[in-house]
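First the structure, in the form of structure tokens, and then the observations on it.
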């Protein structure tokens with residue numbers, strides 16, 4: 001309410017500027033011509049003053065005087081133009097325009113742009129405000145402030161670290177985790193978190209620092225699955241795919257049935273297996289499959305055709321075999337998938353790289369190993 | 001409530017500006033004193049409301065009101081107080097609000113101090129000024145509203161760009177804006193004269209001081225910007241021919257031309273039509289500068305937020321005002337009566353020459369700035385027009401200008417005598433040649449032409465005072481006589497001399513700092529040292545420090561001359577936590593007019609710190625020259641006398657005093 005009162009007063013003041021000026025105005029004394037003449041007369045006086053101060057000599061003063069006098073005469077000859085008038089009707093129009101246009105424009109524009117119901121929120125008045133628990137940024141800020149006051153609060157660091165990770169600020173997360181380790185001591189979980197933050201900060205490369213953290217996280221009696229997971233990824237990045245699989249395999253076999261990381265683990269195996277994607281259907285084929293059933297049938301025929309081809313020719317590279325196993329499993333046909341896997345293993349028994357990829361896929365699909 | 005009050009005040013200012021752009025103009029056509037009389041009070045009221053809006057935004061910044069979007073995006077609760085004030089214009093929306101504030105301030109100043117202006121001229125001028133503010137108020141309210149709110153309000157802001165967290169932000173933009181916007185006054189006067197179809201004597205009397213004010217501020221603003229870039233951006237350069245810099249240089253060049261032209265107009269009523277055109281073009285170049293900087297056409301520290309809608313809006317404003325005023329010029333300029341005649345060799349003639357040079361220089365900068373942009377827009381091809389282009393075009397235009405500059409003030413109005421002027425400059429030329437030879441003989445290294453550059457600069461400085469020497473009969477008359485004459489000289493004579501000398505000072509600084517600077521890029525471990533110019537620099541180590549909203553790694557360097565430590569330099573790198581920006585803060589040691597400039601690179605793994613050390617002899621002269629120019633402008637402005645250019649009747653042998661400047 002106060003706000004609208006202020007607006008009304010401001011609008012009134014604006015309108016009054018116009019009305020007041022209209023009421024006060026009286027015909028001006030100096031018209032345009034008069035003003036010109038005044039300037040020239042001043043100039044003549046100025047020449048006389050300059051002469052008196054010795055800035056110009058007589059002849060210069062005379063020359064200047066002649067020129068200005070000529071302008072003066074020209075100006076007074078131009079004179080006789082209509083003097084300024086004023087008319088009541090025009091004044092009324094102006095008054096009405098001011099009365100109508102000023103509030104209309106101001107309120108019209110403000111109605112579109114303004115937020116009259118939003119109060120000011122200076123920070124000083126918001127100390128007691130409850131933080132928005134949904135807003136991770138706000139939460140992180142609160143913890144940061146507490147930490148600025150007490151930088152040796154290890155719990156604070158271990159709370160803010162995961163927040164930073166979720167906010168996509170891994171470098172700060174790494175600082176937070178290493179502070180937590182420094183103050184609270186090393187645990188497999190903290191070391192693994194630190195390594196993960198370093199890994200994310202390096203855009204998905206296991207750096208030496210990160211590897212050291214992961215090594216510490218698996219060194220103790222209760223090795224961190226996360227640490228082992230990332231060490232496998234480090235091995236893979238070094239080109240040691242077999243080593244990566246060897247690292248991951250015990251995780252899968254030892255994992256409890258309901259381990260939360262099980263899906264991530266299987267996904268990792270499938271990623272390592274590097275199954276080539278199926279070729280996309282051609283436009284004609286795509287237009288032929290409208291319903292899910294038609295699509296399913298189409299995929300089945302394609303997979304069968306692939307299987308026939310691989311069986312008959314006895315050829316095909318490991319990619320095609322991986323694709324076949326993967327497709328069989330995806331279609332829910334686990335037995336045929338296992339058959340294909342066995343056939344592939346026999347065929348590529350001499351190729352350790354292919355064997356590793358096949359094993360990884362088998363583990364990832366749950367065709368063997370535990371946890372399925 | 002305060003934020004919304006500010007918002008409403010801005011909207012009210014728009015309403016008043018619309019009235020001000022219509023009613024007085026109508027009044028001037030029908031010669032209605034009451035309607036024309038509205039212009040003044042409306043202009044003052046407009047200033048009051050825009051100032052209220054500005055104060056409200058400032059309040060939101062100072063109290064960290066994060067319900068205002070602009071504050072969220074550009075402030076932080078831990079930001080030092082001074083940057084809460086300056087941060088108001090350290091962003092797109094706020095800087096435009098400052099632009100509008102200065103615009104309406106100029107309008108109000110005309111309303112208050114323009115009592116002796118002919119009423120119709122005043123009404124026209126204020127109405128034109130109001131149309132500019134309508135355009136910009138609409139632009140602010142529609143595309144760049146600083147009072148946009150956010151709900152729910154975040155608890156913390158995103159902080160101000162760390163590059164802008166510097167005292168320079170308090171000075172550079174307001175100075176520059178007063179310069180840019182000040183030219184709008186010349187523009188409004190020019191358009192008013194075109195509408196009326198006649199140039200009053202008062203017109204000429206008024207345009208020059210306004211142009212002069214704008215010019216002084218623009219000069220200082222550009223110099224401040226250059227110095228800021230020099231110490232903040234960490235490259236140690238003072239001018240980069242960056243389009244944003246050129247955008248401010250163009251109105252300066254044409255504004256300088258306008259200033260000289262307006263002097264001719266005021267004294268001799270000559271060059272009227274050309275003065276009007278220059279007034280239109282100068283403001284057009286100011287608008288172009290605003291467009292280049294604010295549209296996002298360019299990426300730079302000045303382009304805060306890139307939004308195509310804003311670029312289009314400014315382009316529309318630019319087209320309407322430039323196109324409209326030039327069309328009006330084409331239609332009405334022939335109506336204007338040409339005034340005083342003059343011989344080619346005369347003060348007027350010299351000023352025409354000055355205008356030709358300055359206009360050519362403006363065109364050179366214009367082409368170099370806009371051609372790459374136009375080419376990219378049309379063909380998508382990116383080319384870079386860097387310093388080589390400008391050195392090859394701008395330099396060859398400005399150097400001759402500086403050579404002939406001292407002749408101008410020595411020529412008489414209407415008809416002059418080159419021989420006499422040259423005699424007055426013989427000593428200046430002698431001094432310049434001697435110094436050139438000395439520099440060429442004793443200073444090692446650097447380009448061959450550099451000593452000549454120093455000589456030209458010195459000639460410009462000495463020549464600038466030739467008029468004063470002449471008129472005070474220095475060394476030719478008894479000292480008491482000279483002193484009396486010096487006291488009798490109008491301050492504007494001193495002003496002109498200082499402004500011209502300032503240009504020479506800047507030139508010497510540019511030549512010296514470019515030709516004889518020495519640079520070292522090294523990685524040092526604590527305890528190691530290196531040599532730059534005539535100084536040894538010892539790296540003592542680094543230290544971590546915490547600022548209010550940043551962490552810093554400060555490098556300690558000791559500057560040693562002849563075995564004795566003479567200065568300590570502490571360049572640093574600051575990591576601003578809110579924006580995650582890593583900023584180099586240079587460290588500078590000043591020795592007289594020369595500086596040793598140090599910047600650190602990011603820390604390296606091996607314990608060494610990367611350092612860039614530059615010794616720039618006489619570098620301070622660059623900005624000192626601009627300050628001298630500014631002081632000259634202020635002196636000239638302080639001279640409130642009427643100006644009459646007294647012509648000399650016939651050439652006479654005896655040396656005589658020059659007419660009043």
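These residue numbers are counts, starting from 1, taken along the chain as shown.
Cβ atoms here come from the backbone N, Cα and C positions, even for glycine.
Keep in mind that what you see is a predicted model, and the values were worked out from it rather than measured.
Note on the transmembrane segment (B:6-26): residues 32, 35-36, 38-39, 42-43, 45-46, 49-50, 52-57, 59-60, 97, 100, 104, 123-124, 126-128, 130-131, 133-134, 137-138, 140-141, 145, 147 of its chain, located 6 or more positions outside it, place their CB under 8 angstroms from a CB of the stretch. The transmembrane segment annotation in TrEMBL covers B:6-26 (among others).
Taken from TrEMBL, the feature transmembrane segment applies to B:38-62 (among others).
The annotation domain 'Cytochrome c assembly protein' is assigned in TrEMBL to B:89-295.
The annotation transmembrane segment is assigned in TrEMBL to B:96-113 (among others).
Summarising the annotation, TrEMBL assigns transmembrane segment to B:125-144 (among others). Sequence-distant contacts of the transmembrane segment (B:125-144), counting only residues of its own chain at least 6 positions beyond either end whose CB sits under 8 Å from a CB of the stretch, comprise 10-11, 13-14, 17-18, 20-25, 28, 39-40, 42-43, 46, 92-93, 96-97, 99-100, 103-104, 106-107, 110-111, 114, 117, 184-185, 187-189, 191-192, 307, 309-310, 313-314, 317, 320-321.
Annotated transmembrane segment per TrEMBL: B:249-266 (among others), in sequence order. Residues 179-180, 183, 186, 199, 204-205, 207-208, 211-212, 214-215, 218-219, 222, 272, 274-275, 278-279, 281-283, 285-286, 288-289, 339, 347-348, 351, 354-355, 358-359, 361-362, 365-366, 369, 643, 645 of the same chain, all 6+ positions outside the transmembrane segment (B:249-266), place their C-beta atoms under 8 angstroms from a C-beta of that stretch.
Sequence annotations record features per position, and here TrEMBL assigns transmembrane segment to B:273-292 (among others). Beyond the transmembrane segment (B:273-292), the same-chain residues lying 6 or more positions past its ends with a Cβ under 8 Å from any Cβ of the stretch are 99, 180-181, 183-184, 186-187, 189-191, 193-194, 199, 207, 211, 243-244, 247-248, 250-251, 254-255, 257-258, 261-262, 264-265, 298, 311, 314-315, 317-318, 321-322, 325-326, 329, 333, 336, 338, 355, 362, 366, 369, 373.
If you look up TrEMBL, you'll see B:315-640 marked as domain 'Cytochrome c-type biogenesis protein CcmF C-terminal'.
Per TrEMBL, the feature transmembrane segment maps to B:352-374 (among others).
As annotated by TrEMBL, transmembrane segment applies to B:394-413 (among others). Under 8 Å from some Cβ of the transmembrane segment (B:394-413) lie the Cβ atoms of residues 267-268, 342, 345-351, 353-354, 357-358, 360-361, 364-365, 368, 420-422, 424-425, 428, 453, 456-457, 459-460, 462-464, 466-467, 470, 493, 496-497, 500, 503-504, 507, 645-648, 658-659, 661, all in the same chain and six or more residues away from its ends.
What TrEMBL lists as transmembrane segment is B:425-443 (among others).
Per TrEMBL, transmembrane segment is recorded for B:449-469 (among others).
For B:493-516 (among others), the entry in TrEMBL reads transmembrane segment. Beyond the ends of the transmembrane segment (B:493-516), by six or more residues, the same chain brings 238-239, 402, 405-406, 409, 443, 445-447, 450, 453-454, 456-461, 463-465, 467-468, 471, 593, 616-639, 661 to within a C-beta distance below 8 angstroms of the stretch.
If you look at the transmembrane segment (B:618-638), the same-chain residues 6 or more away from its ends with a CB under 8 A from one of its CBs are 209, 212-213, 215-216, 219-220, 222-224, 226-227, 238, 491-492, 494-510, 512-513, 517, 590, 593-595. Under the heading transmembrane segment, TrEMBL lists B:618-638 (among others).
Listed by sequence, the residues of this chain that lie at least six past the ends of the transmembrane segment (B:38-62) yet keep a Cβ under 8 A from its Cβ atoms are 2-3, 5-7, 9-10, 12-13, 16-17, 19-20, 23-24, 27, 68, 70-71, 75, 81, 84-85, 87-88, 94, 97-98, 100-101, 104-105, 107-108, 110-112, 114, 122-123, 126-127, 129-130, 133, 146-147. Summarising model confidence by region, the domain 'Cytochrome c assembly protein' (B:89-295) averages a pLDDT of 88.
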